[in-house]
């Protein structure tokens, strides 16, 4: 009886509620009804789920067609930028921790690893320029890290260029002294500075000197072949050889038992820091990216990979030939180990000297302009008198330091430990991390990780390497 009364009451309540909701519910739009109809199952199938919207496309590089340089042109010019006279100091870097031929095993491994890390930093700068539209190293820093601190990489580059000019002066001093067979190195340096370097550095237009940079490539190629010939013919390993007997005692080959295990000594970081200088060309990375024809990132990476692979190979070859010939006696400039009467190597000295003489003003101009920038002297205010006075002042300081210091490997290792590590490993990693964060670039996790590792190693190697370079002085 209760059930028969409650059931009609339940029906009335449900009917009344349905009518009420129908009156207050807003009418559906046509599009809403169409979406409902589309979700009605057909043939007993499940409801169709609404398709998710596609993810937003990743940001693309700034549109640029690049310059006119082909990949082979870029590779040649980049190898020319990387491989210079500084590679002739690397046998001394190996001798800093080992005196046995097996020490070359870890040394060549370090040369390869540091070369790969340097290539990564060079590639990072190009990528930053691609996504920000920057046209220089400093502008890439401004677009990523910040404009207010852009003077930091500019100052680092200026002092690094100063360090390179100092190494050039020291190499010229030793090279001309060996060619002239005169012990008065300071006097030779003064004459070279006054009558050769100063007139060249006073030149306002340096484009006429650019073709002479080709001599650097030819000179290094000849030097490598000549070193190979002297190692193969045993001129400096055969007892009683005239060339060997003409050497001073501290320049004669010397070998011991400190082999591959000696790489675990802290002094091995001297070689690592020298390599930072040997591969240092990163301030020009934006130039190579912009001058490449159809400068897509894959084409740019092809240039970087090919160039650094060739540079690593040449660096390994020169280092191995020098160290295998002279061992722990390898001089800070390995050409000094060869006898002054060695005609084959004297030609090499002439080639290297000519290359450095005509490359010197190109590097010096970058140093001078950097100093004037730091002094906030705008290009419009740089009169001939200002340029001439600045040139004389900087060149005088370089000559004084070159006359005082005797080991060019110290200049390269200390400069590499401090300035080279910043420009090669730390700054590129910082800019790369910033552009990935700002542009939200996908699939860059491994690259960011490698950049952090590279920057961390740069800090560690710089601190320890600088101390070791000073201790070895």
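Keep in mind that glycine also has a Cβ here, set from the backbone N, Cα and C atoms.
In TrEMBL, the transmembrane segment annotation falls on 186-202 of the listed ranges 186-202, 237-253. Between the listed ranges 70-90, 385-405, TrEMBL ties the annotation transmembrane segment to 385-405. Among residues of the same chain six or more beyond the transmembrane segment (411-433), those with a C-beta under 8 A of the stretch's C-beta atoms are 86, 89, 93, 117-118, 120-122, 124-125, 127-128, 140-141, 144-145, 153, 156-157, 159-160, 163-164, 166-167, 170, 269-271, 273-280, 282-283, 405, 447-448, 451-452, 454-455, 457-459, 461-463, 465-466, 468-470, 472. Long-range neighbours of the transmembrane segment (303-326) within the same chain, counting only residues 6 or more positions beyond its ends whose Cβ lies under 8 Å from a Cβ of the stretch, are 71, 74-75, 78-79, 82-83, 87-88, 90-91, 93-95, 101, 103-104, 107-108, 111-112, 115-116, 118-119, 122-123, 126, 220, 223-224, 227-228, 230-231, 236-237, 251-254, 275, 278-279, 288, 292, 334, 337. The stretch with the most CB contacts under 8 Å to the transmembrane segment (263-282), chosen from 107-130, 151-171, 186-202, is 107-130.
The transmembrane segment (346-364) makes no contact with the transmembrane segment (445-466): fewer than 3 of their CB pairs lie within 8 A, with pairs spaced 6 or more apart in sequence.
By the Cβ criterion (under 8 Å, sequence separation of 6 or more), the transmembrane segment (385-405) is not in contact with the transmembrane segment (107-130), since fewer than 3 such pairs are found.
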